[in-house]
């Protein structure tokens, strides 16, 4: 290997001293970290003695590498020159030169020539089995032809691998977009869940407050009812007392009426006694009158005055009195008897008067007491009536308040029932949303597991194909050492990474879309019975250091899978944080550095064959316009589907491509992958 690294920094790798003119030439170079690649940079073939950048023979636009490597590391790139635009064979020496967008040469290679292969030295012997299963036959063919066929097969394999890589990148992008959408949906559902949980907490708090208020109102209603019952009992007691007082009043009135009757009877009896006394006084007057008459008669009859006076004074008549004395004796007895009766009547009248006076005074006293009692009872009755009215008014107020409290309690009960029903409905909606989120999580987890499994299978398959390829290369090197054949000058231009030597990926049961709709990669034309002895330089990818993370990708994938399962079981927040890391890990499996693959967004692929000679304008040498006078290359006016490679116009709506990508069964309910 010869390298030329000028101070500009661009180094050309594997530059052979001579190339075959009628085969494609591949140029490998390394950009230093200080050089920023651009789509307007180009690599040209110049004559060794030419100093101007406009005196090129042919050129190829440089491809902008993907920004997926290690920061600060050199960038490895390659371009291809088509066989029809290469110089003719001769002794003229040429150089590869890297020209940036400002027209400055940033690097040049060592000189080389284009020479025709020698007839005998460039022949190889191939051992080919007979068609009818007979003896093998030896075929002698030019080594350039064999190398050209081998190069074409390698290019086909490389193109198939590139297409497979682009398809996988599109799938990874689609999966990443799907993961992003699911994460956004999960975030929105989580926000909605938090919002509904907050609303549910608020409703629970309000329901608790309403329940507490309801309990308070119930206690108040119970207290008011107890108070009403107490007031009713007091009213009943007051009514009972009022009835008792009325009964007592009626008894007092009855007693006063009886006393009045007794007084009336006493007064009647007193009147009778007075009338009797008057009669007795009249009788006494009559008796006195009779006595006076009798005394006058006595005087007129000649009774001595002294005798009459002595008898009149109470001296008893003598036993042997005269006829006058015998005549006055009955009158004196009657008079004496009348006096005794009058005295007895006066005594009785005095007793009756005394009794009447005592009865009257007692009656007045009892009447005064009864009147006082009546007034007192009337006052009590008035007070009790006022108290009863006040109690009835308070009872009515309590009943009105009770009715108001009952109405308010009914309203609160209805409101609480409505709130409880709303809370239950929102709780059911929350549970349904949680079930949907859980299903999305499970679907996302299954898709991630399937994607990781497919990535591991694909990596194992690629490693197996690479091991087979390297074993074939090692077998070819051993056969070359045994046969002692010469190396071809074309070998330096065919340096490829191990991934470029892989067999074309046959999808079969590993395909992500229908085999009838996807283009099948052309099968390799190599046969196990044929042995081709060629020389192969050391691969560049083996010399480039790979990041240490790739050596443990399987273990890290298993660890990430376990962490994701634990996060999904514990909660959705950890899973949402780990999903982008897993998607990036799967993306790194498909875009390992050093494989020689180019991104799908490159402006011109190495196999596109677009050079300056394909333009209609002519340059200084009559072979095309100068790259310094042309605008930068533009992208293709279409987009390809991520799975079936179907083309969609850029003017069409983005939804057509997305719906077409979603139509593949990778996101269907059926298992997307089936491995042996």
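For all residues, glycine too, the Cβ spot is worked out from N, Cα and C.
A quick note: this is a predicted structure, and the numbers were derived from the prediction, not measured.
Under DSSP, the residues of the domain 'SKICH' (10-114) split into helix, strand and coil as follows: 3 helix, 44 strand, 58 coil. What TrEMBL lists as domain 'SKICH' is 10-114.
Across the domain 'Calcium binding and coiled-coil' (118-249), DSSP helix (H, G, I), strand (E, B) and coil residues number 107 helix, 12 strand, 13 coil. According to TrEMBL, the domain 'Calcium binding and coiled-coil' annotation covers 118-249 (among others).
Among the features that TrEMBL reports, coiled coil is placed at 144-248 (among others).
Here TrEMBL flags 304-327 (among others) as region 'Disordered'.
TrEMBL lists 332-554 (among others) with the feature domain 'Calcium binding and coiled-coil'.
Residues or ranges marked as coiled coil by TrEMBL: 374-468 (among others).
What TrEMBL records for 469-500 (among others) is region 'Disordered'.
The compositional bias 'Low complexity' annotation in TrEMBL covers 538-550.
Look at TrEMBL and you will find 538-559 (among others) tagged as region 'Disordered'.
Residues or ranges marked as region 'Disordered' in TrEMBL: 621-640 (among others).
When pLDDT is averaged over the coiled coil (374-468), the result is 85.
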